[in-house]
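Visitor: One structure follows; several queries about it will come next.
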Amino acid sequence: MAVQVVQAVQAVHLESDAFLVCLNHALSTEKEEVMGLCIGELNDDTRSDSKFAYTGTEMRTVAEKVDAVRIVHIHSVIILRRSDKRKDRVEISPEQLSAASTEAERLAELTGRPMRVVGWYHSHPHITVWPSHVDVRTQAMYQMMDQGFVGLIFSCFIEDKNTKTGRVLYTCFQSIQAQKSSESLHGPRDFWSSSKHISIEGQKEEERYERIEIPIHIVPHVTIGKVCLESAVELPKILCQEEQDAYRRIHSLTHLDSVTKIHNGSVFTKNLCSQMSAVSGPLLQWLEDRLEQNQQHLRELQQEKEELMQELSSLE
């Protein structure tokens with residue numbers, strides 16, 4: 001017997017400027033995972049599709065299904081600063097969540113829309129786009145606080161074996177508690193077992209979670225929003241702060257000799273130069289290109305305005 005899974009979210013709409021910031025962040029480092037938080041709103045889409053004809057009973061059934069559609073709209077993202085840089089692990093501190101909630105409240109006042117933290121994203125450099133058991137368990141923890149919370153993963157630095165070209169894959173997921181029959185229905189690879197145990201009436205029960213993929217759609221934008229632009233500009237600053245923190249933490253050790261300190265300083269300088277070449281330089285060039293494009297568009301609009309004014313004066 002098939003088990004019906006009730007999804008808290010049916011779709012995610014990610015605006016293209018927020019997608020651009022996530023992509024730039026994921027491609028900023030090849031050795032460690034990066035992370036951030038998504039700011040947006042959760043809407044109940046109650047619109048029905050009038051392109052098809054249904055009978056009365058079918059229409060009621062379709063209307064009930066449509067009324068249940070919940071869509072997460074992601075308008076911007078917040079790039080988080082990593083206190084612990086590890087190859088296969090990212091962590092979000094309560095202080096960062098609190099700061100993100102404060103930023104969401106500021107954006108809500110600025111836009112007049114109910115903005116809040118609706119999800120998180122992180123990168124998978126050189127590995128599969130599918131979430132690990134740690135990702136699924138972390139997502140389940142966030143959903144205990146908010147059922148509409150979603151997780152995004154960007155798999156980057158993946159090379160296609162046939163074409164020898166790089167690829168970037170992305171997915172959106174949520175966690176659900178695995179049914180007892182999940183293993184027999186889908187096989188052991190379709191769910192992830194958590195190592196967390198909870199005590200119920202003196203007995204320990206292992207919680208199992210499985211991922212469920214959420215359809216994600218990129219919403220095109222002609223321009224980049226102010227908030228996303230600020231996040232993109234903030235990326236080099238955050239990467240530089242992470243390098244400074246790591247260098248100061250090592251440099252403060254008292255048992256290091258002079259040669260080791262000189263070596264650490266050289267590594268620190270090399271990392272900063274690499275960031276300038278890989279992140280700051282392309283970002284600056286992109287901003288200059290956008291500025292030139294906007295100025296060209298402004299000149300075209302001014303010329304069009306003058307032509308329309310001339311036509312208007314000739315009619316008088």
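Using the three backbone atoms N, Cα and C, a Cβ is placed for every residue, glycine included.
Since this is a predicted model, take the numbers as computed values, not measurements.
Features from Swiss-Prot:
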type	residues	note
BINDING	His122, His124, Asp135	Zn(2+) binding site
DOMAIN	12-179	domain 'MPN'
MOD_RES	Ala2	N-acetylalanine
MOD_RES	Ser258	phosphoserine
MOTIF	122-135	motif 'JAMM motif'
Visitor: Show, in sequence order, which residues other than His122, His124, Asp135 on the same chain lie with their Cβ within 8 Å of the centre of the Cβ atoms of the Zn(2+) site.
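Guide: The surrounding set, listed in chain order, is Glu33, Val90, Ser123, Pro131, Ser132, Gly151, Ile153.
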Visitor: If you draw a 10 Å sphere around the Cβ of His124 (Zn(2+) binding site), how many other Cβ atoms fall inside it, taking every protein chain shown into account?
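Guide: Result for His124 (Zn(2+) binding site): 23 other Cβ atoms within 10 Å.
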Visitor: List the Cα distance (Å, whole number) between His124 (Zn(2+) binding site) and Ser258 (phosphoserine).
Guide: 37
Visitor: Looking only at the motif 'JAMM motif' (122-135), what is the model's average confidence as pLDDT?
Guide: 92
Visitor: Might you list, by sequence position, any residue in that chain lying six or more from His122 (Zn(2+) binding site) with a Cβ less than 8 Å away from its Cβ?
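Guide: His122 (Zn(2+) binding site) has long-range Cβ partners Glu33, Val34, Met35, Gly36, Val90, Asp135, Leu152, Ile153, Phe154.
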Visitor: Please classify the secondary structure at the residue listed as 'phosphoserine' using three-state DSSP.
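Guide: Once the DSSP labels are grouped into three classes, the residue listed as 'phosphoserine' ends up as helix.
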